[in-house]
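Asks: Below: one structure in structure tokens.
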Amino acid sequence: MASASTSKYNSHSLENESIKRTSRDGVNRDLSEAVPRLPGETRITDKEVIYICPFNGPIKGRVYITNYRLYLRSLETDSALLDVPLGVISRIEKMGGATSRGENSYGLDITCKDMRNLRFALKQEGHSRRDMFEILTRYAFPLAHSLPIFAFLNEEKFNVDGWMVYNPVEEYRRQGLPNHHWRITFINKCYELCDTYPPLLVVPFRATDEDLKRVATFRSRNRIPVLSWIHPENKTVIVRCSQPLVGMSGKRNKDDEKYLDVIRETNRQISKLTIYDARPSVNAVANKATGGGYESDDAYHNTELFFLDIHNIHVMRESLKKVKDIVYPNVEESHWLSSLESTHWLEHIKLILTGAIQVADKVSSGRSSVLVHCSDGWDRTAQLTSLAMLMLDSFYRSIEGFEILVQKEWISFGHKFASRIGHGDKNHADADRSPIFLQFIDCVWQMSKQFPTAFEFNERFLMTILDHLYSCRFGTFLYNCESARERQKVTERTASLWSLINSNKDTFKNPFYTKEINRVLYPVASMRHLELWVNYYIRWNPRIKQQQPNPVEQRYMELLALRDEYIKRLEELQLANSAKLSDPSTSPSSPSQMLPHVQTHF
């Protein structure tokens, strides 16, 4: 069935048409040059359309569709107008009907996950829209058509293997683990304890594997408290988990209570374990009705509990929709500040950063070890632990360190990327979709603005991560957890995003970076110091594009290149001079002749 439909689509394909076309200047153009293609990327079809550009009005063009991208070239200027990975597409709708009147009223309306919409007008005769709709739907939503996601077809080769970036044993060893108080356990090697946790976990030395099994029965999804990070000096820790299964009747579990006390006792200098519940308190109480809950004072002695008031995935999804409404296609100029405020987006960013600052401060001061959870421990929990670790540990502020942080706290600990992003899935209205990881990257960007020399990576690095969060070109963000990735052999059958980045590191480096060890970053999380990430959220607007690249950064890069050039010339002159000195026939007659004369602009 699939092969039949494939041949049907290929009847419209570029391969079956005349491969040579005569351009306006009379030169034969090879179509393979018209569309950039990755190894493993195949052309499906092309069609003449009118692109309804929200900034420049209707433009006649030819759209090319491959199994990876939608690519549009202008027929008037022969320039590329759009290059959109199909994974970015969230929804495809038909616009107008066969009887629609009016110019450009019949065509397709495409909603994207990266803050833009695309509209194409087509001719009403000859089912031209139907063909394009069916092909786009088929390749943008491959899971609904029993097709592989493009990452499994991608044949790109890189000189660096990004899958080798994160080795959990090496990362824990870098933190000084295992030690006398914490051990590595392989109890989850076959994902039997918890199917959404990684195989390797760090737990208190005094807790046996049998203890862990009993604790798992009282934690949502069996996501027990495990170590994320340990302070190198004061030995306080950040521990993550899911909510306890207290329920309406206020159930207790002695094993869980004892386990939290064992975590506290791994550091003899602290009297209390601090629990940060990411949820608003009303939500935590409401979760009791569905069997969840929180750690009450009477059951969990020697703990203190704080609620961080960060809202759930549904609130965040609606907030981002409102941001899109005010930035695309046109920026809401007349009431910009009030419109931005009404989205509550920066308010949510503020609450996430404030929570992470509290976690980092507790641990950095040595006053307390910290346990973080939300409901299931894979959304808000990941935001808080990873941001706190970024504030505390300068290693994570390097390019590879940040990649390890994402692999560890987000990918290996089961943030539900497939559900939150909807890779290859046509159900755009799925209630599980939510921009949780986007919020984390936004928080990192806010920190990089406040500490411009603290991060090895630049803005392009963060934007590239977000672009490939949706693109489906790499296997990095596919599936909800490690057990699913292992079943699908993701590391064997796909390339890693870190391969692309680490093969072109210079592109992603911050020229102002100054490496500092053990410096804790405390960003200011007040609304006065937070701003909308314009270069990401409003980047499709041509007026915004004109502001890139950053002129200060560009000039700094030029000066660095100039410096490197002079150093190279100096080294060459020194080499030439030392060769002359070693040759007795060219021995200088006076000491002044021994000094090379190097002129520089400095």
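Residue positions begin at 1 at the first shown residue.
Quick reminder: no glycine exception, Cβ is built from N, Cα and C everywhere.
Straight from TrEMBL, here's the annotation block:
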- CYS374: active site, phosphocysteine intermediate (ACT_SITE)
- 1-13: compositional bias 'Polar residues' (COMPBIAS)
- 582-592: compositional bias 'Low complexity' (COMPBIAS)
- 29-96: domain 'GRAM' (DOMAIN)
- 322-470: domain 'Protein-tyrosine phosphatase catalytic' (DOMAIN)
- 1-34: region 'Disordered' (REGION)
- 578-602: region 'Disordered' (REGION)
Asks: What is the number of residues in the domain 'Protein-tyrosine phosphatase catalytic' (322-470) that are helix, strand and coil, as DSSP sees it?
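Replies: Counting residues by DSSP class gives 98 helix, 6 strand, 45 coil.
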Asks: Using DSSP, break the domain 'GRAM' (29-96) down into helix, strand and coil residues and give each count.
Replies: 7 helix, 42 strand, 19 coil
Asks: Tell me, what is the mean pLDDT of the domain 'Protein-tyrosine phosphatase catalytic' (322-470)?
Replies: 97
Asks: Cβ-Cβ under 8 Å from the residue listed as 'active site, phosphocysteine intermediate', same chain, 6 or more residues apart: which ones?
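Replies: Within the chain, the residue listed as 'active site, phosphocysteine intermediate' has Cβ neighbours under 8 Å at SER242, GLN243, ASP277, ALA278, ARG279, ILE310, ARG380, THR381.
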